């Protein structure tokens, strides 16, 4: 189906409607699963030697020193323009402001007299950040991951990226307080972070995007007892735009294309009650597409994308909630009024002047977001992902005495005798003291 084909939602059967919102398949092939499993086991067994072999095989790079030196990082920064460094600093300032505001206040309450309950927050001790390489290094992801890690107070923050690591990535890592950087990419980097090697430290939790092999490696290590936790399930990028008759077609088209250029498996959807706007957006997409260096990639993504005409904006919101997009852009005259009705989205962009690019780089929100429908149960990345919450309780003698019979009754009902005894013994001890 061509992206300039308008689809009348209300003329479609329920089966057709479900098909329109179906995402491209992303399940890992058996060969990827087996290859990744072998890589994980090899890195765990052979450490740095395996990492160097995989760099030569996959990255076509002979790596002598896996760890990047401070001198190399300084040299990378010197090669960058002041304009870019200033832009990174400005972005980090906004990211810091937004994520610092997410700090949870401690909870300290008496649930009843003499029964004190608390919730306290602690940082994840060590985290590993994975940043893909390639022709367009995602240094902005360094800002999005390393900044909240620093605010959270993570004691060890390390980064892996395929060699040779781009200057922008090295500078961004230094700017955000990353302590160690390693010339390691792919599934082997995930293995090194999960299990540790002679050079790369083992971490508690791994963050960051990647290709099918990286995604599968993260999935596998998260399910191994000797592995590591991960940030969230990953899938292709996606955007859904809700537009009304007052939307600017060129703006809408540019937002759709900014997502489509990410990769051929990205998906973009336009929902609008105005067929004329849909037609104008399709025309604007074609005009802008002709000027994009990554036009071939974007065109492939558009083949799985949709222009859908609805009855009204309320129906647009209902369809969006059903789909649960990673990015939701609302270009309507009442954009703010629609927010309360949105139930599933990774990040929402309101009005004509809030392009997705703002959140991708510098507004302050995090651009690491749940995709592939995981917005139904997962949140956008934030400070809490680099922290853990712990509860504390303390009962005075009087508080314990008042609660004892309740605990004994509940424990007896569950036939957990030792639980009941732990209370009864203390009750008897208090009676003896009286």
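Glycine is treated like the rest: Cβ placed from N, Cα and C.
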Given Swiss-Prot lists 259, 262, 327, 360, 414, 419 for substrate, the same-site residue among 237, 303, 305:
237
Greatest C-beta neighbour count within 10 angstroms, which of the recorded positions 326, 360, 414:
326
Of 259, 262, 414, 419, which is closest to residue 211 (NAD(+) binding site) if I measure between C-alpha atoms? They're all binding-site residues.
262
For residue 237 (substrate binding site), just count the other CB atoms lying within 10 A of its CB, please.
25
Through the lens of DSSP with three states only, how would you label residue 130 (NAD(+) binding site)?
strand
Starting from each candidate's C-beta and looking 10 angstroms out, tell me which of the binding-site residues 262, 419 has the most other C-beta atoms.
262
